[in-house]
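Worksheet for the structure shown next.
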Amino acid sequence: MSATQQSVQEHIPLRHPRLPRWAPVLVGVASLALSGILSLALGWHVVPWVIVALLLYVLILPGWSRVVENPRAAKDRLMTSLVWASLGIALVPLVSLLYKVVAKGLPQIDGNFMTYSMRNIVGPGGGVYHAIIGTLLITLAATIVSVPIGLLTSIYLVEYGSRSRIASWIRFLVDVMTGIPSIVAGLFAYALFVLITGTEGIHLGFGGSIALSLLMVPIVVRSAEEMLKLVPGDLREASYALGVPKWLTIVRVVLPTALPGIVTGVTLAIARVIGETAPLLIIAGFTDSVNTNLFGNAPMETLPVFIYYSYTQPGVDASVGQNYAWGAALVLIVIVMVLNVGARLLGRLFSPKSGH
Amino acid sequence: MSTTAPKTRSPRRRLGDLVFSGTTSGAALIILLALAGVAIFLTAKGVPALKATGDDLSGAKNIVSYTAPLVFGTLWAALLALLIATPLSIGVALAVSHYAPRRIATVLGYLIDLLAAVPSVVYGLWGSLFLAPRLVPSYSWLGDHAHWLPLFSDNSSATGRTIFTAAIVLAIMVLPIITAISREIFAQTPRLNEEAALALGATRWEMVRLSVFPYARSGIVSAVMLGLGRAMGETMAVAMVLSASGVVTFDLNSSTNPSTIAANIALKFADATGLRVNALIFTGLVLFVITFVVNFIARAIVSRADRRLAA
């Protein structure tokens, strides 16, 4: 740097003084160290150590910035730290939960666990086969019920009633339905089937499917509606211009274009309801045996209900029941994760860009 | 001739269209019927509970005094959960939409979505077997040193399964919902507004405050409302984490806690018979009405704000 440049910079400062780029890192390390010394001296665990380090960081960095830079920059640094801190805090439970489920659940998983039911089993040695069967059957039936209803409704909302009063009311009520608590859906299915069959205390798998459908339909409608809205109007108009009737335009032009998004939405909806516990607890009930009859008046076990009962009624040795619960939780989480990842992969695989 | 050609063709076209549009509006009608059905069936099975007394209501005098403490617990737990989750979610949403580099942001978005994917019963398991025991020291410290505050009791929980633990678990569960909606709306802020703010010399936070938040206000409100609905209706996490005794108290660390409507139903339904079932369904109806009203208000706020933005 030449002497003239330096003298110019001294006389006319073009920039406010700034903290060096590495200031956040330095303050971060310093806060961790300071808090570490404190926690060593006072015998704290990891959690208070990290909390105090975080507090120190949020105090020191903006303080330093206020002295060197200006109050506005200090506020900016404070908010930046808080934003990142909130992200960190939000991820802690996820990591902790996944770690716990894998660590506790993995030792339970073996051929026995996956292929045996709990029939006539007291203590260890049983499995979740009956619960997996029940979960798959009930969710499959729920999907079969809710996908046509949801998809057709979204077509109505986008293609037929888009601006009409009825459509906006339906849209509104579908939004409200997304807020229906799952336990209320279970009570609805229970009340419905009690009124239909006249049997108090009824348990049946299909009731669970109806309850899950009530939760699933709004999700399908909303996601499919978004996808249908994304289809460019030009495509529809081009089809009309060729003399194609409206319904054929929808079936042959609009739906194929929106299909990847719809499949993703449906898969995510399945992932959302497959872990539902409360409605199944009420209408599908609890059993130790395999039951493949969705329509008979007999309880049908599902994975979430299995987890719940293994936890609340663990048997004589509580750890045995809790181990069952952790193992089943791992199975359930793997199913949900596979559905989630699969949904995104499917969406990418069938995306229209790569197709044509 | 030119006038008859469309006439002869149009009926054939209309038939397919009529069938199809009829089917789609029929599907929409089914949804409306289902919603009406929820209200009707719950009312039909809930009304007999109005006659229930004493024995069938865990000792409560009538259905109102049975339901009221549960309503209190539901609202209190949901409020606590939102107090924890709202600032966190807005921070997380900002981190993903405006602070993180794009590639990291996508991964972070997936991670937060994973939080939403975890089934509630697994949260319940984690909350009661892992989280609750670890909070016991804090609760007993608060019980010893802060019981003069109205929020803490000197009778602190030995298991850690308090309303506040339940609220933490609820907060974790509603966080991804609030985050997902806020994130989407933050990302929709007009790029020009943001760049204008930055060009005028605003810091990043000032840019967020001046251009992102005003644009996203109604979206945040609706996100929080949806989170409220979810928190009030959440069943399993509360049923498994909370050690409920059905009292009415604001204490956060006490060993006696209010119960929530949803958790109460889940815990008692399997063993209930006769009028007890009706009583539980009646509380379910109350929960349905409350969540319906909350969602209704949320949508009303949003649509009014949208109109103001459009004007």
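Cβ atoms here come from the backbone N, Cα and C positions, even for glycine.
Keep in mind that TrEMBL annotations are predicted by a computer and have not been checked by a curator.
Record features, source TrEMBL:
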DOMAIN    A:132-343  domain 'ABC transmembrane type-1'
TRANSMEM  A:21-40  transmembrane segment
TRANSMEM  A:46-65  transmembrane segment
TRANSMEM  A:77-99  transmembrane segment
TRANSMEM  A:128-158  transmembrane segment
TRANSMEM  A:170-196  transmembrane segment
TRANSMEM  A:202-221  transmembrane segment
TRANSMEM  A:253-274  transmembrane segment
TRANSMEM  A:324-346  transmembrane segment
CB contact flag for the transmembrane segment (A:128-158) and the transmembrane segment (A:77-99), at least three pairs under 8 A: no
For the transmembrane segment (A:77-99), distant same-chain residues with Cβ under 8 A (at least six beyond the ends): 24, 54, 57-58, 61-62, 65, 333
Residues of the parent chain within Cβ reach of the transmembrane segment (A:202-221), under 8 Å, 6 or more residues beyond its termini: 134, 137-139, 141-143, 145-147, 149-151, 153-154, 157, 174-175, 177-178, 180, 182, 185-186, 188-190, 192-194, 265-266, 268-270, 272-273, 276, 279-280, 282-285, 291, 293-300, 302
Cβ contacts under 8 Å made by the transmembrane segment (A:21-40) with residues that lie 6+ beyond its boundaries: 48-50, 52-54, 56-57, 60-61, 64-65, 77, 81
